[in-house]
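Since the structure comes first, as structure tokens, the remarks are kept for the end.
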Amino acid sequence: MFSRKGIRGNEQPAGWLFVAPAVLILGLFMLLPILMALWVSLTRWNGQGSPFTGDVPFAGLDNYTRLFTDEGLARQDFMTSIRNNAYYVFFVVPIQTVLALGLALIVNNRLLKGKGFFRTAFYFPSVTSSVAISVVFLFMFANGGAINAILAVFGIEGPQWFSDPRGLLHIVLSKFGVSSPSPLVDHGVFGLSWWDWLSGPSVAMCAIISLVVWTTSGTFMVMFLAALQNVPVQLEEAGRIDGANRWQLLRHVILPQLRPTTFLVVTLGLIGTWQVFDQIYVMSQGNPAKTTLTPAFLSYRTAFRDFDYGSGAAISFVLFLIIVLLTLLQRRITRERDS
Amino acid sequence: MRSKLCGATLAAVLIATSACGSGFDDNGSGTSQSSSGPADLKIMIASSGDAETKAVRDATAQWATSSGNKAEVIPAQDIVQQLGQALAGSTPPDVFYVDAARFADYASVGALEPYAQDMQGVDAFLPNLRQSFTYEGKVYCVPKDTSTLALQINTDLWTKAGLTDADIPTTWDQLRSTSEKIKAKGITPLAIGDTRDRIGAFLVQAGGYWVSADGKQATGDTPPNVEALTYVQSLLKDGLAKYPKALDAGWAGEAFGKGKAAMAIEGNWIKGALSADFPTIKYTVKELPAGPKGKGTLSFTQCWGVAAKSKFKQQAVAFVQAMTTADQQLSFSKSFGVMPSRQDAQATYQQQNPDDAAFVAGAQYAQGPVNAPKMDSVLADLDAGLQGLQNGRPATVLQRFDKNAKTALGG
């Protein structure tokens, strides 16, 4: 808009020159592959030769509409994966945020001895390879594994974790005598009945949820801890002088100070949980009965197992849109509270 | 000024796009063939273990020196994915293993050269295996070896349950009555994998199968199939058969090796697995019990695929021929325990491995995997249904399969 001449007039080209390497690398390795994938998602490319020749059949939006409007396996699998992942996010994000905050508060406590030890212990799962942890959890959640052995001490017969496709909500409802009510079973949306939508996470998914909460809350604890250490001691002391008890201090003094960090943690949590892949790949491959199928894993399977690269790419773009929309929504909600 | 720079950046990105695009391009449709002169073959294998890798490497080196070519064996970690990438980049290995269950996917997209159609001596291979590698009337590649399903019996648990050789089940009714006797002693009778690749054998025994022989029609919801699944379901419901996960095992062979089940239904590979992980277990192998329509089992096989885009097709076919002679197959079976896919090698194999009689016998009447493209997700969905067979309705599982398969096969 303004071309300001003078002593700083030549800064813009210089600025661009300095960021050129970064722009080039990001463009080449991020933007370009994304655009290529976008093109693939509009084709019926079968994985033979280049997708950028005239021979590749153009599909338009078919790959996308198949996920939403056409009755069939593609839509059913996709919607099942969305359902599974939604429950996964719904449980993981709040639990890991609260847990991370709790751990940070503990470690930040001035009276705690051996802070360094606890900080390391809580952070340790985050720096360990997720594949290694997944394998260990597989052993722990085996039918005769540690978890079931501990449950047996309390007289509880543990489930067969990784072969139990029953949804948590279905189990709870069946305790009250509700199982497959026909109004919910006979009607539905997007190829799944309401009853299927309301299944809750399966027992197998619960094991994965607990694993992810355990591994990621360490990372987020560090973020909360950094923010906590920036809260001025004077604020706390002022609060105490005003007669606030510990809960009031946390609720009205510390938490408001942590708002930017909480936003960051929840956002990162949302993005990360919608993209869950490696735990699924290592532990369950979508089994039992597709209850741990997630969009990221489905996208991989559709592309590399079925040679349906177009649909696979389309799934990942829909996932991308879901993440963007949810992040925007979350930002909006937190902003409204401010005013 | 800003818009100009943005334009420049965009232009740079576009140039990069076109530059990258050219890297993907295949140079014309006809691949240049170098039929004469020494070839440089790349052979990608999905090895079952070090023994196989070494055996194939040795045989390849021998072929390379005697024929004056160069050949390199690449063991793949995940052959489906690695091949997928190589095919997308137009630089596939010249020769690679193709699993029968994935064969139609590769054949339908034109990745494979149908060399076996005109290859000499193709009739020597078992007919049902040739059928597994036939797509739209053309035989594409020759099977490298085969395995079939059979019934393994833990002899210690057998005697513990008070059973003798006379109790070895040869029909469905006997399987049920024997299992009831075993269960009465507090032992789990049968471990069976919760997948189409095991339960499918019962369908064959009942005279049905998931798809028609030509692989063009879904034939799930038919009386024989319903009968077979109902029978399997009754075994599961009465605790006469259990899925491996319910026995805390990754697969039926592990449950069997740990002594958690008296019988298992697995293929030739169980031999190597048991001697490696559970060397003390005593067992015999028998043919699967016959169903209402006689004996039936499933076969599993891989073929030596030759890439349609290979530059050295002629040499590749010569290589495959060298790898599939009767002598070479017998040498492979000695090194890593696979069963030859040639009829003329099977007799010798049986002499050398008398314990494998049941597997060899099964190869004569075995049914290959579903041979149709784009079926992987449909079959995965079927497996999900079979996992819930105990509490489900067999007809529902089969109808669902039919519906999904019709879309995949028709489209």
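Just so it is clear, glycine is given a Cβ too, placed from its N, Cα and C backbone atoms.
Pulled from TrEMBL, these are the features on record:
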- A:82-330: domain 'ABC transmembrane type-1' (DOMAIN)
- A:16-42: transmembrane segment (TRANSMEM)
- A:86-108: transmembrane segment (TRANSMEM)
- A:120-142: transmembrane segment (TRANSMEM)
- A:202-228: transmembrane segment (TRANSMEM)
- A:258-277: transmembrane segment (TRANSMEM)
- A:309-329: transmembrane segment (TRANSMEM)
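Most Cβ pairs within less than 8 Å of the transmembrane segment (A:202-228), among stretches A:16-42, A:86-108, A:120-142, A:309-329, belong to A:86-108. Ranking A:16-42, A:120-142, A:258-277, A:309-329 by CB pairs under 8 A with the transmembrane segment (A:86-108) puts A:258-277 at the top. Counting Cβ pairs closer than 8 Å to the transmembrane segment (A:16-42), the top stretch among A:120-142, A:258-277, A:309-329 is A:309-329.
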